[in-house]
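If you check Swiss-Prot, you get these features:
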- 1-94: region 'Interaction with CHEK1' (REGION)
- 49-74: region 'Disordered' (REGION)
- 57-368: domain 'PPM-type phosphatase' (DOMAIN)
- 65-74: compositional bias 'Low complexity' (COMPBIAS)
- S78: phosphoserine (MOD_RES)
- D98, G99: Mn(2+) 1 binding site (BINDING)
- D98, D307, D359: Mn(2+) 2 binding site (BINDING)
- 398-419: region 'Disordered' (REGION)
- 509-584: region 'Disordered' (REGION)
- 548-563: compositional bias 'Polar residues' (COMPBIAS)
- 564-581: compositional bias 'Basic residues' (COMPBIAS)
Amino acid sequence: MAGLYSLGVSVFSDQGGRKYMEDVTQIVVEPEPAAEDKPAPVPRRALGLPATPTLAGVGPSEKGPAAARDPAPDAAASLPAGRCCRRRSSVAFFAVCDGHGGREAAQFAREHLWGFIKKQKGFTSSEPAKVCAAIRKGFLACHLAMWKKLAEWPKTMTGLPSTSGTTASVVIIRGMKMYVAHVGDSGVVLGIQDDPKDDFVRAVEVTQDHKPELPKERERIEGLGGSVMNKSGVNRVVWKRPRLTHSGPVRRSTVIDQIPFLAVARALGDLWSYDFFSGKFVVSPEPDTSVHTLDPRKHKYIILGSDGLWNMVPPQDAISMCQDQEEKKYLMGEQGQSCAKMLVNRALGRWRQRMLRADNTSAIVICISPEVDNQGNFTNEDELFLNLTDSPTYNSQETCVMTSSPSSTPPIKSPEEDAWPRLSSKDHIPALVRSNAFSEKFLEVPAEIARGNIQTVVMTSKDSETLEENCPKALTLRIHDSLNNTLSVGLIPTNSTNTIMDQKNLKMSTPGQMKAQEVERTPPANFKRTLEESNSGPLMKKHRRNGLSRSSGAQASSLPTASQRRHSVKLTLRRRLRGQRKMGNPLLHQHRKTVCVC
């Protein structure tokens, strides 16, 4: 019955609304390896051996028909030893892996799981029990191989080894047999049409999710010393780890933190769950396996999907959607999107309807047709058509198609795009030096200014706007002339939108006037004062005595005169009176000093 059907395969994946894409899919089609149990009989003449010797009582007449039944020597001589005379068909491998805690485990399973399975002893056997045992051994071998790669995987934010793991749902089609193996919550659904006269195709769940709350899984976990804890309505396997502040060997007195960690009871990877007392993994890598005999007249669809699909689309709805899509394609001639892409888009739409952040969603849809396609094996943009009897070969290395769906996370901004504006002026801009206005030492003056050669720098409006973007607050650069003591230049950029370097922004004053301005400076309007300060009258900044006379002896000759000091005192008194007038009615004035008796 082999060769009486063809397969139409479509695959699609979407990141959803998650920050990382951890779903991977894999499709491999390659010639079936030779059987181990019953090797094909090869004629002795083809191997260059003499014919069967004549036994006693066996005449030439009995030997002749036996020799006549052998194939022609020249026809079989071209075949190598141990090979069957008939053409071998191909075996198809399909896998969906949903990673967690990082993409490393899912990527490793996609690249190596099929290789570990097919090299196990008994996989090419004709007995289904031996094939299932070989598949289980392949899962365990892949899991142990991850242990050797653990040191190469990136560590967690706390510096611990990687906690990466993955679910795995595998379908292997060889001849008329379909082998299913899975760990985790990625499921496989089979569409069966019971009555050929009835168009209804019912959905059969081939796999059962490995959840920690299942009695069988909970009993196994607790038997290994683990536990299951409910967190936010979800049952999770508990990770028992020493407290992060602990260093050294783990003893009985070591504080152990119990963290509800993983929502599946079986997975590949998750090496953190190894129990040293029992020598087993609390999160088991051993898969559940099953065997199904395909009947092209009854079995119509095989769907592999991650939990992002099955959490939103029930199995029966998924089968009905695929059936409707195929009817539109073949009966009405509409060449729309593939079944896998349609299912993923429907799932993403339901995530949005429920106002939830969509999970990574992946699907592989296999449509079984009872008629062999005369077009042979070919692929198009969305689908792959296979006839396994023609020994096709296919290997999908990049089947995870990243799409820009409405639920997808926007791409990360490239590092070349600098969000901060940069100055593009060709003129030389002096470095900004921060100093205290009342420090004992003034800024060093450039030689050009010391000689009295002060050049005015003209900036364009474009450069000034760029400078204002980097200087949102008013910035004052004061250059004190410690040699001539004649001028003090202040460069004051403002926050106005149309700012240019004009005479208003370039202020020149004598050292005496600069000192008076520093003394008379008042706080801004939004400055908060305490109760004691408000009761003691207007606020005045106290300046240090002889703050400007400590620099050098050459500066003593240019100190302000007595008349200038009296003028500054008058300005200070005016400021005080002006502040008192703003307080309003004198009857409402508060006392300068208030004593509270409790």
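Note that Cβ sites are derived from N, Cα and C of the backbone, with glycine treated the same way.
Locations of recorded Swiss-Prot features on the structure.
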residue: D98; record: Mn(2+) 1 binding site; CB count, 10 Å: 27
residue: G99; record: Mn(2+) 1 binding site; CB count, 10 Å: 28
residue: D307; record: Mn(2+) 2 binding site; CB count, 10 Å: 21
residue: D359; record: Mn(2+) 2 binding site; CB count, 10 Å: 24
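Looking at D307 (Mn(2+) 2 binding site) and D98 (Mn(2+) 1 binding site), their Cα atoms lie 8 Å from each other. Listed in sequence order, the residues D23, T167, D185, S186, S306, G308, L309, N311, N360, T361 complete the 8 Å Cβ shell around the Mn(2+) 2 site centroid, once D98, D307, D359 themselves are left out.
A strand conformation is recorded for D98 (Mn(2+) 1 binding site) in the three-state DSSP classification.
If you measure from the Cα atom of D359 (Mn(2+) 2 binding site) to that of D98 (Mn(2+) 1 binding site), you get 10 Å.
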